[in-house]
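The structure appears below as structure tokens.
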Amino acid sequence: MELQEVLHMNGGEGDTSYAKNSSYNQLVLTKVKPVLEQCIRELLRANLPNINKCIKVADLGCASGPNTLLTVRDIVQSIDKVGQEEKNELEHPTIQIFLNDLFQNDFNSVFKLLPSFYRKLEKENGRKIGSCLISAMPGSFYGRLFPEESMHFLHSCYSVHWLSQVPSGLVTELGISANKGIIYSSKASPPPVQKAYLDQFTKDFTTFLRIHSEELLSGGRMLLTCICKGDESDGLNTIDLLERAINDLVVEGLLEEEKLDSFNLPLYTPSLEVVKCIVEEEGSFEILYLETFKVRYDAGFSIDDDYQVRSLFQVYCDEHVKAAYVTFFFRAVFEPILASHFGEAIMPDLFHRFAKNAAKALRLGNGFYNSLIISLAKKPEKSDV
């Protein structure tokens, strides 16, 4: 099965769907919002062509469920807030927003939410229906999505750490896994494996920057957030917990060792230095803001499905309940690609073991996602300088 067919979140609205298990990402969006507002402010002040008529925006790797429209809401509110503060003709410009993800993404779950979303925008922001136009643009963001110099602002949250393919060179000349017992580029991976993953990320991210710089108008902005490398004090990350669970299944004879050794996640968590270096070497963008932040991976537990704060009793419950929350979120993201390789039947047992590992990590006070946020401005063409 092609990677693009399985690289998506759990769709629908069931118990293991991304729509029901993405409150952690809502907290990440909250962290990003001040930088988003500043990015929008600088964009509107840049007075790009046609920006007073229609601001063209895209969310790359938008996923599905309510978080997709939370991102849209934050972008629209930021544009309206800046327009009101600046008291200019951009107070309520038309906004055209393209939602991008791979073809297997559950766009329908987003479309079902649009009528109520438009009504809410009209009630809370005074935006007439038709002044914010939302549509889908399916396809890989490692390829061309929009005409040249047609976009004002590109946004992506928790997507660019996904690679376009599993790196080559992960199998030795003897046909043996070079990353035996490991499912991604971890600290325990051999140097050649780490280099293979770094090379693939460098190639993909360079392509991403080049292609989307061509789609942006000169002076256009791009805001990216992705998972990045942590430090020793963070303890095991969730992929390490998954890796342990898979290895346990192999040791107990419930899963073939070959299945483990032939599985490599198409995911890379870069360091801040790597991202900075790639942007500078590609050369199309100026870095306006670059920072990292960390959030415990049970932090979103304090937010319920309607993004309301839970009771103190719920927030301060034991680590097993919080581990279940972490497991549902992780499952919503990773189950499609795991099930395509290991089979649907083993998923309940696998995630049960994952939950046990997560509870232990939380009990020890470990468990953080490290994130990187970078704000970019497209450099003017030499002829424009």
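Placed from the backbone N, Cα and C atoms, the Cβ positions cover glycine too.
A simple way to gauge crowding: the CB of Asp101 (S-adenosyl-L-homocysteine binding site) has 26 other CB atoms within 10 angstroms, across all the protein chains here. As annotated by Swiss-Prot, S-adenosyl-L-homocysteine binding site applies to Tyr18, Cys62, Asn67, Asp101, Leu102, Ser140, Phe141, Cys157, with the evidence given as similarity to another entry.
Neighbour list (His155 (site 'Involved in substrate discrimination'), Cβ cut-off 8 Å, at least 6 residues apart, same chain): Leu36, Val57, Ala58, Asp59, Leu60, Thr71, Ile75, Met222, Leu223, Leu224. If you look up Swiss-Prot, you'll see His155 (among others) marked as site 'Involved in substrate discrimination', on the strength of similarity to another entry.
Within the same chain, the residues at least 6 positions away from His161 (caffeine binding site) whose Cβ sits under 8 Å from its Cβ are Cys226, Ile227, Cys228, Leu267, Tyr268, Thr269, Pro270, listed in sequence order. Annotation source Swiss-Prot lists caffeine binding site at Tyr158, His161, Trp162, Thr238, Tyr369.
Per Swiss-Prot, the feature Mg(2+) binding site maps to Asn179, Asp261, Phe263, Asn264; the stated evidence is similarity to another entry. DSSP classifies Asp261 (Mg(2+) binding site) as helix under the three-state reduction. Over all protein chains present, the Cβ of Asp261 (Mg(2+) binding site) has 19 other Cβ atoms lying within 10 Å.
Leu267 (site 'Involved in substrate discrimination') has a Cβ environment of 19 other Cβ atoms inside 10 Å. Feature annotation from Swiss-Prot assigns site 'Involved in substrate discrimination' to Leu267 (among others); the stated evidence is similarity to another entry.
DSSP assigns Glu344 (site 'Involved in substrate discrimination') to a helical segment in the three-state reduction. Look at Swiss-Prot and you will find Glu344 (among others) tagged as site 'Involved in substrate discrimination'.
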Spatially closest candidate among Asn67, Leu102, Phe141, Cys157, the listed binding-site residues, to Phe263 (Mg(2+) binding site) (Cα to Cα): Leu102
Largest tally of Cβ atoms lying within 10 Å of a Cβ, found at which of the binding-site residues Tyr18, Phe141, Tyr158, Phe263: Tyr18
Spatial separation of Tyr158 (caffeine binding site) from Asn67 (S-adenosyl-L-homocysteine binding site) - C-alpha basis, Å: 12
Alpha-carbon spacing, Trp162 (caffeine binding site) to Ser140 (S-adenosyl-L-homocysteine binding site), which is rounded to whole Å: 11
Fewest other Cβ within 10 angstroms of its own Cβ, chosen from the binding-site residues Cys62, Leu102, Cys157: Leu102
